[in-house]
Amino acid sequence: METKIFNKEQIPEAVALLRKGELVAFPTETVYGLGALATNEKAVKSVYAAKGRPSDNPLIVTVSDEQMMENYVSEVPERAKKLIKHFWPGPLTIILFVKEGTLPDAVTGGLPTAAFRCPNDDMTHDLISGLGKPIVGPSANTSTKPSPTTAEHVFHDLKGKIAGIIDNGPTEIGLESTIVDLSVEKPTVLRPGEITPEEISAVLGEEVLMNRGTTQTKGVPKAPGMKYRHYAPSAPVLIVDKEEDFSKIQWDDETGVAALDEVLEKIDSPNKYSLGKTIDKAAHNLFGALRYFDGEDKIKRIYVQGFDHGAISAAYMNRLNKAAAGHHFH
Ligand code: TXA
Ligand code: MG
């Protein structure tokens with residue numbers, strides 16, 4: 001299959017493909033998603049096949065606005081209304097109870113709930129509103145590989161397997177959306193992202209819990225990604241927590257390093273990847289860095305800078321910990 005690249009003017013072509021049950025990757029402010037018509041069970045199943053993803057991991061339902069979402073939920077609780085008003089379109093995914101019979105089991109993994117998201121991207125807004133129905137939208141990468149932050153990353157992983165990719169340039173945030181579960185007694189963040197539990201709590205005016213990844217419903221991990229290997233390049237990743245530790249590492253042809261510019265300046269390594277000048281930029285560049293070293297066969301170890309401060313550091317460390325399988329440099 002030829003994988004076509006679409007620009008803004010060609011979005012009607014992409015809509016027609018989705019309507020036929022084909023797969024089209026789409027841009028968002030977080031990472032690129034892999035789109036299929038959410039009400040078409042066969043199309044949804046082919047998403048799992050293209051990604052090589054276990055089919056018990058439920059998918060996000062991506063909508064163009066709150067009204068579209070209302071057709072697929074049993075009710076919109078007051079909390080959801082508040083969060084939607086404040087954060088949509090934007091990088092916040094909300095878990096609500098599904099209106100029975102409106103979404104195939106292939107989307108929900110058989111759960112009574114589904115994850116709803118309304119991305120802040122003009123092209124994707126036109127795509128979904130043109131379709132008139134939601135699309136499922138897992139990240140458009142091969143399962144276990146870093147999520148894609150450019151159309152080129154998507155093309156690298158999925159060329160020949162999907163009908164098209166809508167290219168709207170590099171994504172802005174670079175880490176996936178915050179997921180908050182509103183189907184439980186207390187609002188609970190299942191996956192950290194740019195929007196923090198504190199910000200959600202401020203809008204709701206109540207306590208918000210942070211899930212540490214132990215709860216499961218029907219064997220489906222409640223904290224996304226806990227059950228499967230994630231974001232991993234082929235060489236092992238080691239987290240470097242303290243800046244001064246970079247000087248203790250033996251650099252050679254087989255080592256790669258991704259860190260802020262101020263750290264890289266002091267290191268004599270042949271394989272450097274800049275995470276930029278700030279922690280926000282590092283979040284934006286993390287997946288690109290992991291992908292870069294994944295493509296370099298000679299690299300046998302990848303050292304990546306860790307952070308313990310800054311609003312986005314929880315989301316950044318969550319992804320980096322998974323890529324490193326929890327391994328730190330000491
Ligand atoms: O930023 C994002 O959210 C990106 C862009 C493309 O929108 N999408 C994304 O999708 O990260 P995905 O499929 O890679 O991650 C969605 C996560 C899954 O790990 C899944 O476990 C969780 O959401 N999830 C989906 N439905 C759920 C549910 N009903 N209950 C708990 N977790 C759920
Ligand atoms: Mg993913």
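For all residues, glycine too, the Cβ spot is worked out from N, Cα and C.
TrEMBL: automatically predicted annotations, no manual curation.
L-threonine binding, as stated in TrEMBL, involves Arg117, Ser177; the candidate among Thr3, Thr30, Thr278 given for that site is Thr30. Annotation for Thr30 (L-threonine binding site): same-chain Cβ neighbours under 8 Å, separated by at least 6 residues, are Pro91, Pro119, Thr171, Glu172, Ile173, Gly174, Leu175, Glu176, Ser177, Gly193, Glu194.
A simple way to gauge crowding: the CB of Ser147 (ATP binding site) has 26 other CB atoms within 10 angstroms, across all the protein chains here. Thr113 (ATP binding site) falls within a strand when secondary structure is assigned with DSSP. Secondary structure at Ser139 (ATP binding site), as computed by DSSP, is strand.
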